[in-house]
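Here's what TrEMBL has on this protein:
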type	residues	note
TRANSMEM	22-43	transmembrane segment
DOMAIN	87-276	domain 'ABC transmembrane type-1'
TRANSMEM	91-115	transmembrane segment
TRANSMEM	135-162	transmembrane segment
TRANSMEM	216-236	transmembrane segment
TRANSMEM	256-275	transmembrane segment
Amino acid sequence: MKQAGLIGGARKVLGDIYQNRLSMAGLVLSAFFVLLAVLYSILGTRMVPYNPYRLDLSAANLPPSMQHIFGTDALGRDIFSRIIAAMPIDMAMPAGIVLFSLLIGILLGSIAGYFRGAAEEVIMRLTDLFLAFPSIIMALAIAATLGPSIPHAMLSVMIVWWPPYVRLARGSVLEVTAQDFVTASKAMDLSFPYILRHDILPNILPTMIVYATMDFGTALLTISTLGFLGVGIPVGTPELGLMASSLTTTLYTYPWEGLIPAAFIFLIVLGFGLLGEGLRDALDVNLRPHIIRRVPRKADEDRPLVLIKDTGQSN
């Protein structure tokens with residue numbers, strides 16, 4: 001029954017997204033770039049017309065043509081091939097950053113919002129400390145200290161990316177724990193892991209997932225900024241931000257070398273932003289009012305389970 005409910009909820013969400021043209025465009029764009037990343041991860045250089053790492057100075061700075069769809073860069077590398085090769089990096093890094101922040105945010109935010117007191121004070125003061133400094137500046141400093149590599153660039157952003165997730169999760173948990181069904185669970189002396197799994201997570205996950213989806217583009221922009229500034233991303237790596245950095249020297253001479261990678265960054269951010277907005281509307285309308293919580297009677301385990309349906313209203 002639970003699996004059927006999840007499938008039904010997913011169908012409703014997809015149906016709402018399908019009815020919204022902008023949300024559907026975001027879904028198509030996002031799925032397209034994810035598919036490119038997966039295919040290149042499997043097929044490698046067999047997927048592109050030219051080796052994205054091969055230097056050919058005789059073909060340097062060629063404009064877009066039938067032979068080179070997006071032209072070539074200053075070292076004669078095919079820009080189209082390098083953009084496709086950049087997809088696994090530019091999809092995996094923001095995804096890893098957002099997923100890590102989502103997990104840390106839910107864990108710390110749930111602890112702070114549920115237990116309150118000293119635990120909340122310590123967690124939120126630490127969160128405020130990180131939020132007091134611009135995340136991009138901290139990420140740049142950490143990346144410069146660690147040195148150029150993909151894992152270092154990813155780690156430098158991870159370290160500063162989780163605080164907004166903690167604040168959002170804590171606020172959502174405070175709202176949920178004020179409801180009667182959580183009070184009933186506490187009165188039955190149910191454990192925190194049980195209440196978290198059955199009462200809190202079903203209510204805060206929609207909000208957290210929507211935020212994470214919309215935050216994917218921001219994480220990509222931050223990674224691209226590191227590449228654009230030449231910090232964290234090794235030179236020569238096919239990465240959109242690093243490729244777009246050529247605009248600083250070729251904007252008026254060979255603009256395609258930087259503008260086309262920058263356009264792909266824009267399209268990825270736009271796609272995930274539109275998808276996030278579609279998910280926000282769909283989840284708020286269709287899933288939240290229909291959540292059913294399973295609360296056992298601890299005093300008499302032989303009796304049937306009590307199903308409590310939340311209508312979004314509290315007494």
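Every residue, even glycine, has its Cβ placed from backbone N, Cα and C.
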Original post:
Of the listed stretches (22-43, 91-115, 135-162, 216-236), which one yields the highest count of Cβ-Cβ distances below 8 Å with the transmembrane segment (256-275)?
Top reply: 22-43
**OP:** For the transmembrane segment (135-162), could you work out the same-chain residues 6 or more beyond its ends whose Cβ comes under 8 Å from its Cβ atoms?
**Re:** 89, 93, 96-98, 100-101, 104-105, 108, 219, 222-223, 225-227, 229, 231-235, 237
